[in-house]
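TrEMBL lists 115-149, 150-184, 185-219, 290-324, 325-359, 360-394, 395-425, 429-463, 464-498, 499-533, 534-568, 569-603 (among others) with the feature repeat 'PPR'.
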Amino acid sequence: MMMKMPWRRKSRSFHLQLQGAIGTIQSPFLFLLTNYCHSSTSTLEDARFLTNNFKSASFTRLHDAIASFNHVIHMHPLPSRAQFSRFLSALLKMKQYHTVFSMSKTIELLGISHDVYSLSILINCFCHLHLVDFGFSVFGKMLKLGLEPDVVTFTTLINGLCIESKINEAVEFFDDMVARGYQPDVYTYNTIINGICKFGKTNVAIGLLKGMADRGCEPDVVTYGATIDALCKDELVGEALELFSQMRNKGISPNVITYTSLIHGVCKLGQKNQALALMNEMVEQDILPNVYTFNVLIDALCRDGMVSEAQNTFNVMIQRGVEPDVVTYNSLIDGLCISDQFKEALALLKAMVGRNISPDVFTFNIFIDTLCKKGLVSDAQNIIKIMIQRGVEPDVVNYNSLMDGYCLCKQIDKARKLFDLMVTNEIANIFSYNVLINGYCKCKMIDDAKQIFDEMSHKGLVPDAVTYHTLIKGMFQAGRPQTAKELFKDMCSYGQQPNIVTFSIMIDGLCRQGKLDEALTLLKEMEESQLKPDLVTYCILINGMCKAGKINDAKEMFSSLFENGLQPNVHIYSAIMKGLCRQGLMGEAYKVFKDMEKVGCLPNNCCYNIIILGFLKHEDLPKASELNNEMVDKGFSADDATTELVVHLSRNNDLILRLLKVRNGGSAN
């Protein structure tokens, strides 16, 4: 039974298809050929130059190539097919695909028949032009002429299918090639594996890599590199590192691309130390990291707050002669701004411009966003003006940051004007609406927030989880729990699946409204929807139970955390201690306070003030004094509530002032 081959699917003749493909091409060759035929004859020296230029195919300019071709096609005898093919191959490397088609047609008209090499060149041109179907037509002609395609021909067509994202067809064609008895070489494997990896079929790629040795073909650095990169993108870094070790054990030296993929992979998992170790290993192997390698590491370090390490990496980059680009500077500037080193960020911007690297829209947005968060909105406005002057068009992100700045400064009218302008110019996105809704909620203009929310549907925008979260929280704060509950139901009905944050906001709102039973019902609903409550949810509920006087329920929930394998954080310890102090259970509160240190959760300023305030209210002055001294020794200080109570009690009891050895700047005076 004959196997169905994908290259036999075309019925139209190759000549018609080829004519259709090149008929619309305005080839520079045709124009120059016409001019050549009407030009004066060349000198003998020129003729020799043109002939040698053709034979060596060493030209760098298209004009020279065309002149050489025009010269040799009038020679007697004509150059051989092999010489013409070598010449066309050089044009192919110059990406002059259309000129190759024109010259190939001329060669055919001169009576020089095609061979496998020349037709493979045509196939390659079609594939690079994203016309793989025409490539298959040429392949069909090859078979009709009785020419035997070689592995290069098959590989070229596989690459063409991959370029056009026809991965399933590429795999099918690869299998057909093997079935016909052709032996794929390492380049064939690299082509198909690279294509498969780009479309997320990493398991198929690994299967092919493992099967290479069985077919007598050893993987090379490109094969491993493509697979390692795919594994890292799938966050399967462990498997990638294993393959990396296997590669080195086979004596294959990793290249800069392989190292960069691994560094990117470990950075995504937050393993910065391992990324730095890989970078050092590269340097030891005399493999110079490129700008992308440095950018990956610098960005990861900045995102993790390790700005000084990022700056050190940047200095190494400069020392090794690798020129930073705008991405490098953007990462560093962003890291400096986040770590509140604004002056250093400005200095880096100046250095960036000094290197003739123009700031882009992302650079400007970092500064706009930082200035807005600092309340310096007028300075942010000036940045927008500078952008426009430099010919950088502000985008929706820039305007959203500026609008958010207006909201933070309570300049809600300016925020609304900017928003209306964005809507008029049709650049407002879902984030724009979220910013303004949040601004209205913060200014307690809840009706305006709801109005903007309602307008979204008229604009064809679907509210996302952030929109609902913002408005639900705003409704609770405005004392409209019923509207908040309706929004929660709407969210579910409109396809926005509530997440842990949604439930936490709802539970917090209900607890603050004194509706503890409803909050607990919602907790059960959350658990039934396969969502596991986190520490934030439990902290909210424990707080709510304590405020409602249900201290036993709060204690039970607190104990259940340990049973469920959760380690309470400082916020939960603060909540349960506050509840116990409020009920006068100082012995239990103090035990919780001491226990938290035993499990590695160190008390913070809030914890100390809660327990000290509790002992003061219940007139255990020696214990309050002891804890106050301990608090001060650890660098903490009394908060307003503790200070106020100390001042109030000291007016009636001088003993307090003597017992409380206030060592934090006389805050009790």
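Backbone N, Cα and C define each Cβ position, glycine as well.
The shown structure was predicted, so the numbers you read here are calculated from the model rather than taken from an experiment.
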Sequence-remote partners of the repeat 'PPR' (185-219) [C-beta within less than 8 Å, at least six residues beyond its ends]: 151, 154-155, 158-159, 161-162, 165, 167, 170-171, 174, 177-178, 226-227, 229-231, 234, 236, 247, 250, 252
For the repeat 'PPR' (534-568), the mean pLDDT of the predicted model: 91
Close approaches to the repeat 'PPR' (150-184) from elsewhere in its chain (Cβ under 8 angstroms; 6 or more beyond its ends): 3, 5-7, 116, 119-120, 123-124, 126-128, 130, 132, 135-136, 139, 142, 191-192, 194-196, 198-199, 201, 204, 215-217
Counts by DSSP class (helix H/G/I, strand E/B, coil) across the repeat 'PPR' (325-359): 26 helix, 0 strand, 9 coil
Tally of DSSP helical, extended and coil residues in the repeat 'PPR' (150-184): 26 helix, 0 strand, 9 coil
Long-range environment of the repeat 'PPR' (395-425) - Cβ separation under 8 angstroms, sequence gap at least 6: 361, 364-365, 368-369, 371-373, 375, 377, 380-381, 384, 387, 431-432, 435-436, 438-440, 442-443, 445, 459
Close approaches to the repeat 'PPR' (360-394) from elsewhere in its chain (Cβ under 8 angstroms; 6 or more beyond its ends): 326, 329-330, 333-334, 337, 342, 345, 349, 352, 401-402, 404-406, 408-409, 411
Helix, strand and coil residues within the repeat 'PPR' (290-324) as assigned by DSSP: 26 helix, 0 strand, 9 coil
